[in-house]
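Structure, as structure tokens:
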Amino acid sequence: MGLCKCPKRLVTNQFCFEHRVNVCEHCMVQSHPKCIVQSYLQWLRDSDYISNCTLCGTTLEQGDCVRLVCYHVFHWDCLNARQAALPANTAPRGHQCPACTVEIFPNANLVSPVADALKSFLSQVNWGRNGLGLALLSEEQNSLKAIKPKVASQSAVSNMTKVHHIHSGGERERTKPNGHDAVSPHSVLLMDAFNPPSAGDYASSRRPLLPRQSPIGGTDRDDNKYQRRTPAELFSRWTRRFYAPSSRPPWRRTWFLVTAGILAFVLFVYLMAWLGRGGSDAVDEGWNNPNPQPNHYE
């Protein structure tokens, strides 16, 4: 589990293999539409990845891509050609992900930005509309090249209110007494009831009253948190803990300093005693020898 770096600050267990950051579904649609995203545990087991479409073998940077609800990414043209080749009477459960055999069509009650972006792709083709329960397109419309929707469409994940101005009376014109044409527009308010603005969205736009000091190691927490630390960095982090503001009671820090001082003093006394005994070993060895040999003088 990790915290996404977007303003929503959502807790997620999904991890971007390319950028090595935790990502939520909103970021998958907006900022990481073509990245390889799987669980963080999967990245710990095997961090190697191939940023190619498994259907055609080419890189995902070429062409529009679609992300399924299982978070696997494919070229939309490749996936559309593969699923369109199936029989017309194929059940929705027969359309499965080529990588993990999970059903392509999301559940009707699933509230997810990834599912909304996927539905915008599926609604452009007949096999997708059939699985979603929508009316099929005519043969002429189906033969024409469908307009490819944007993967990072704001309408799929936006929480803002959309106001559409339409003309009343079925686009019928009304004429004023002075002869000028006038149209009486009215507004229809469509609100997104699934994703209301959270309190974090309002709090992110507020400026703090006082500057907040970054925690120890906070400058490189997101960039270098997976790199191996050097002994110098570990020692500097340990020494800075004495000066960094802490929420712990002050007596704990005093107790730690006193204990560390006592241990250092005991170690110093033991070291000096050991060095003192080492210098007198040669003298004591002569007095304690049970078989002394007198020196012979010529």
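The backbone N, Cα and C atoms fix where each Cβ goes, and this holds for glycine too.
Residues or ranges marked as zinc finger by Swiss-Prot: 1-43, 53-101. Summarising the annotation, Swiss-Prot assigns region 'Disordered' to 199-230. Swiss-Prot lists Ser214 with the feature phosphoserine. Annotation comment: Swiss-Prot describes 255-275 as transmembrane segment.
The list of residues near the transmembrane segment (255-275) in space but at least 6 beyond its ends in sequence, with Cβ under 8 angstroms from a Cβ of it, is empty. Applying DSSP to the zinc finger (53-101) sorts its residues as follows: 12 helix, 8 strand, 29 coil.
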